[in-house]
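A.B. asks: Below you'll find the structure I mean.
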Amino acid sequence: MQPDRLDLHALHHFRTRSPLTHCMTNDVVQTFTANVLLALGASPAMVIEAEEAEQFAAMADALLINVGTLTAPRAQAMRRAIEGAMAAGKPWTLDPVAVGALSYRTRFCQQILSLKPAAIRGNASEILALAGMSAGGRGVDTTDTASSALPAAIALARQTHAIVAVTGEVDYVTDGQRTQTITGGDVMMTRVVGTGCALSAVVAASCSLPGDRLNNVAAACGFMKQAGSVAVKESRGPGSFASAFIDALWNLEAQA
């Protein structure tokens, strides 16, 4: 999948605006997430202390809430960060990692849905569970297909007024009325930890860009799919794929 004009327009905004993206993400993926954002032209920051998180969320252009390694103190810090972002009119994005499979994070994510996320990005099982249509998958792994979760994504978008991206072999991005389909990528993306979480950070950054938010989130998904398609041709396994993936993001304009 080559980036189209819309994707390149969004990429131009990434590169020229360098959105400061506050990533309250899980401990496993922080470095990879930061490198993905940097390769696209965004500016990552990982601030987790509750008092600082609230302050920084108000300064940043966008906030990501990823519950992959959620703890009670971190949940408190995330709430405060969301409050800071909302008070400053900054968009925040939810990545409901393993929601439906684990009870504490499921309750937490259901509670913060009322705080008006700009976007929600999850796999099929997570989106189904968050929409109240399924018990969830096997931890961070999905047991459903993205297409099977599309009705749940549409319902969740209508309920929350957020852009919902349900991702997998094919990605679907919806605002509850319009839906975009993004193809491409490679199965190797599932063999490197953090590609989904990093996508959520790119989605968060995209929510701060001017223009149609649905299109910007779809463009974010397209960037990652395109990089995966390129990286698999330049790599010999998961280790080299991760490096090639970052390089492919960096070189997106040259590939268009």
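Cβ atoms are placed via backbone N, Cα and C, with glycine included.
The following feature annotations were taken from Swiss-Prot:
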- MET46, GLY194: substrate binding site (BINDING)
- ARG121, THR167: ATP binding site (BINDING)
A.B. asks: Any same-chain residues 6+ apart from GLY194 (substrate binding site) with CB under 8 Å of its CB? Would you list them in sequence order, or say none?
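C.D. replies: Looking at Cβ-Cβ distances below 8 Å from GLY194 (substrate binding site), excluding near sequence neighbours, one finds VAL28, VAL29, PHE32, THR33.
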A.B. asks: Within 10 angstroms of the C-beta of ARG121 (ATP binding site), what count of other C-beta atoms is obtained when all protein chains are considered?
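C.D. replies: Around the Cβ of ARG121 (ATP binding site), 32 other Cβ atoms lie within 10 Å.
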A.B. asks: Taking only same-chain residues 6+ apart in sequence, whose CB is under 8 Å from that of THR167 (ATP binding site), what do you get?
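C.D. replies: Same-chain residues close to THR167 (ATP binding site) (Cβ under 8 Å, separated by 6 or more) are ARG121, GLY122, ASN123, ALA146, GLY196, LEU199, CYS221.
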A.B. asks: Counting across all protein chains shown, how many other Cβ atoms sit within 10 Å of the Cβ of MET46 (substrate binding site)?
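C.D. replies: MET46 (substrate binding site) is surrounded by 17 other Cβ atoms within 10 Å.
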A.B. asks: Could you say whether, by DSSP, ARG121 (ATP binding site) belongs to a helix, a strand or a coil region?
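C.D. replies: DSSP call for ARG121 (ATP binding site): strand.
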